[in-house]
């Protein structure tokens, strides 16, 4: 009767231990969520509740329209500012991604804590970043989790949820193509390495069929889900998977000899039809590849923990761990294409770093516990016995985690009556014990000094990571692009020129007036000034953007004719030469020339370069010094210091004194960062030039001649 009571007590103790562990995990997740939310509030505390960057202003504008709709319940601008901060907390889904699917609860908690502070993710989820990525990263990882879950269980229920999660990702962000290419690569890897199973088929086939049908329902995607090259890899692997499934099915029906004959025949025929079209994912031209310092800036010390996490995934290698490694490899490759895809690399780096830290702490703490148990033994004999018992206990515990059949043997042992069987089993255990404990003891138990030193080093490493993440959140990624700051000996200077210019447009222009600027500022002008723009961040028509680029690259008269034909009333340019703001239109001007010249051949980039160098000083070309962009940026600039010294370019401008004949300056912000010009009316321009002409017949003929000379028609 004692044995059942002891087993019942042990079961009760294990249940209590699991319950306490669950409560502790939930409390830890709550603290991680508070940390993640708090670290993203620096932008609001240091500045104010404003939308960051340029693209999120389109989402903000749509929200404003929805807010004033009849049945809307949108609470206002505060919700837009904190939306990304709130939605990004769903990254706690990383815990189930690791729990039971990859490397356990400890790795999941560690990955969640690391991801809560990683600078790469903070850059897209800080308060005010009202953009798609804050929502999409959760959908990305949740889709991966459901795929791995389906791969481990073979459940059609999880396969259906996986397709729905993929549909959510398609609705959120264009980066869904990363999912529909990474998962086929993993399926193909499993097939090549001989890890095909029915679970693999269930995990992939419903995703391709149901996921593609759902993706086609999204208006932006439509038939592109089956017609573009980004999706061809999934269909190719889908066909290969069915071929492999058919081969395994036939293999089960035929004898080995007949199967060899059939495979020989199929391979002979199949070699004549090789696959010719493999989709290649190209980089986006306007995004630049990252530099090595940007990797250290965005993932910091995680770069040193990733190799250890990869090694842990191979001990042992499973479908889930192989998918994590494959995710990292592909994310590293695509992050090297453009800086923006560093956001895709961050979750993989956090997961593998969490696995590495969890495994390291597990080994180090187990070693300390084992060494302390030896240290506090009473006698040498007892210490020898206890060490043997503890070593054997640690060996049995590790073996029980790897071999699921061991607990079944211990449960059935008391019920066995024949002594011969017991003797045989004792012999088997005696034979198996001397082989494995020595190896596992060498691998899992470290000296006391090394274990303590390792724990201290990991704590110091974590401290450096926390300090770097807090600094990145407070300084690097908190400043909104619409409100700029700089530090000097006089203290902190705030440049609020963008909002100053948009406020002027809103209060001093008519609602129907059209504003022309480079496409970067289109969303902000529409959202904050409530004025129509010619091009914005969502303009897909390359000719439309090239038209604006051609106008900026043309002489003043030709540019006036282009803007007048587009019914433009005001032209907005961004200039940083006075305060040293490098992201101004002068530095972006060559892109305007290239895009304009790609559609209108009379715009040629070499005409704006002097010996291959882009200059706006006295060495600048006449074409450069007479184009509209130069004149709108540097008009009256010499009046600021008497020399016309450009702080961004680092030299005096070439053409200092000139007048505008077709445009008039109507507003310049306090720091000269935004300048707004108005197109002069045609009648005033003609009257000023043709004073000796009597009437309007000649003026009308002049207008007709001007229209014929329009360079972009």
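Cβ atoms are placed via backbone N, Cα and C, with glycine included.
Any TrEMBL annotation is an automated prediction that lacks curation.
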TrEMBL annotation of transmembrane segment - which of the ranges 45-70, 71-96, 201-226 it falls on: 201-226
Residues flagged as transmembrane segment in TrEMBL, choosing from 257-275, 276-294: 257-275
Counts of helix, strand and coil residues, the domain 'Oligosaccharyl transferase STT3 N-terminal' (24-64), according to DSSP: 30 helix, 0 strand, 11 coil
Intrachain residues whose Cβ lies under 8 Å of the transmembrane segment (166-189), provided they are six or more past its termini: 132-133, 135-136, 139-140, 142-144, 147, 200, 203-204, 207, 211, 214-215, 217-218, 220-221, 230-231, 233-234, 236-238, 240-241, 279, 281, 322-323, 326-327, 330, 334, 341, 344
Range from 104-122, 134-160, 201-226, 295-315 with the greatest count of C-beta pairs under 8 A to the transmembrane segment (232-250): 201-226
Contact call for the transmembrane segment (104-122) and the transmembrane segment (201-226): at least 3 Cβ pairs under 8 Å, seq gap 6+: no
Per-residue pLDDT averaged over the domain 'Oligosaccharyl transferase STT3 N-terminal' (101-255), given as an integer: 85
